[in-house]
Amino acid sequence: MESESESGATADTPPLETLSFHGDEEIIEVVELDPGPPDPDDLAQEMEDVDFEEEEEEEGNEEGWVLEPQEGVVGSMEGPDDSEVTFALHSASVFCVSLDPKTNTLAVTGGEDDKAFVWRLSDGELLFECAGHKDSVTCAGFSHDSTLVATGDMSGLLKVWQVDTKEEVWSFEAGDLEWMEWHSRAPVLLAGTADGNTWMWKVPNGDCKTFQGPNCPATCGRVLPDGKRAVVGYEDGTIRVWDLKQGNSIHVLKGTEGHQGPLTCVATNQDGSLILTGSVDCQAKLVSATTGKVVGVFRPETVASQPNLGEGEESESNSVESLGFCSVMPLAAVGYLDGTLAIYDLSTQTLRHQCQHQSGIVQLLWEAGTAVVYTCSLDGIVRLWDARTGRLLTDYRGHTAEILDFALSKDASLVVTTSGDHKAKVFCVQRPDR
């Protein structure tokens with residue numbers, strides 16, 4: 001697994017240490033800063049009031065939770081089940097999961113059965129159903145203070161519930177939904193749609209702004225850590241950094257500066273100075289959030305041939321599926337559809353390790369405060385990797401189909417996964433090295 005290569009990544013620009021990002025100071029490492037919190041009220045004050053249709057809440061199914069998987073779901077993978085809790089109320093593939101950020105005791109999941117549920121991690125008990133969706137629920141998440149939970153379906157219907165009262169407090173019908181994310185410090189919800197718009201609402205009063213991109217889907221987006229900007233990627237390969245207060249784009253990367261295919265994912269480092277974007281063109285681009293310039297390009301050294309790709313994918317296809325920054329070392333991780341996890345050194349812009357999976361990587365997450373990166377993949381397995389050495393630390397099994405999403409608790413004690421086997425599972429992470 002270990003691979004130390006100084007030439008494994010191709011950089012189209014000079015190494016990071018030769019570039020100046022903040023005046024005359026040169027950055028050679030990604031360091032963690034503690035930016036002062038923006039004023040959420042100031043952000044929300046300048047939003048425009050718009051009219052929108054209120055959706056009537058529909059009465060949901062009343063029930064239940066289970067600790068063991070239900071019978072009747074036949075999967076292609078068999079083996080041990082390392083999970084502590086299995087939530088099996090969904091009747092089709094479970095597409096998304098998010099944990100409440102304040103206590104990390106609740107999960108919300110959404111699925112192909114047009115349903116979303118809020119449930120308790122400790123025992124799988126259902127708290128309430130987020131009822132009323134009529135298409136696959138592909139986005140779900142809690143607000144920064146865990147008081148609200150939002151769900152969004154493919155048709156563009158978004159709904160928000162108050163967690164303590166279990167009551168719907170807001171809904172809106174946008175275009176076909178691509179992504180959704182809560183603001184990190186305010187009751188403000190952002191979403192990207194297939195018409196190219198990025199929407200921002202103050203919830204529950206509905207004050208709204210729209211950020212109009214190119215005439216193609218806004219495929220991914222992320223609010224920057226300062227809470228004042230957002231980076232959005234589009235199907236035509238362009239990248240835009242938006243000023244959330246003023247409503248204008250600060251930076252636009254297109255043509256050779258952008259990607260040569262639709263964007264699939266975007267991430268920022270902890271102080272918001274660097275942005276990493278991924279695309280179906282197999283490139284990951286490192287962008288200065290201050291200047292809007294590309295400061296590094298990473299490509300896979302080779303495209304591994306993997307026969308066990310997702311249904312409908314050609315064996316020779318590859319793309320960047322997920323990426324992220326390490327919070328304690330100048331490292332970035334990029335996960336590819338061919339099953340390669342690439343660990344890049346940002347200081348030298350070289351490939352540090354390549355960690356191969358049996359099938360395509362769906363998502364990766366860095367553990368906070370460590371150099372451990374978690375991956376979930378189409379083979380139904382969660383893996384933990386030491387990014388310093390490229391060594392596999394451990395893995396967790398239990399799903400009988402591909403994992404489609406996963407979430408990690410703040411203290412990295414729990415991993416919660418969703419799968420094509422109609423289940424969500426909770427795994428307790430045990431690491432002898434901590």
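Keep in mind that glycine also has a Cβ here, set from the backbone N, Cα and C atoms.
All annotation found in TrEMBL is predicted automatically rather than curated by experts.
Here is what TrEMBL records for this protein:
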- 32-63: region 'Disordered' (REGION)
- 39-62: compositional bias 'Acidic residues' (COMPBIAS)
- 87-129: repeat 'WD' (REPEAT)
- 130-171: repeat 'WD' (REPEAT)
- 225-252: repeat 'WD' (REPEAT)
- 256-297: repeat 'WD' (REPEAT)
- 354-395: repeat 'WD' (REPEAT)
- 396-434: repeat 'WD' (REPEAT)
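Put simply, of 87-129, 130-171, 225-252, 256-297, the stretch with the most CB pairs closer than 8 A to the repeat 'WD' (396-434) is 87-129. Across the repeat 'WD' (354-395), DSSP classifies residues as 0 helix, 25 strand, 17 coil.
DSSP labels the residues of the repeat 'WD' (396-434) in these numbers: 0 helix, 18 strand, 21 coil.
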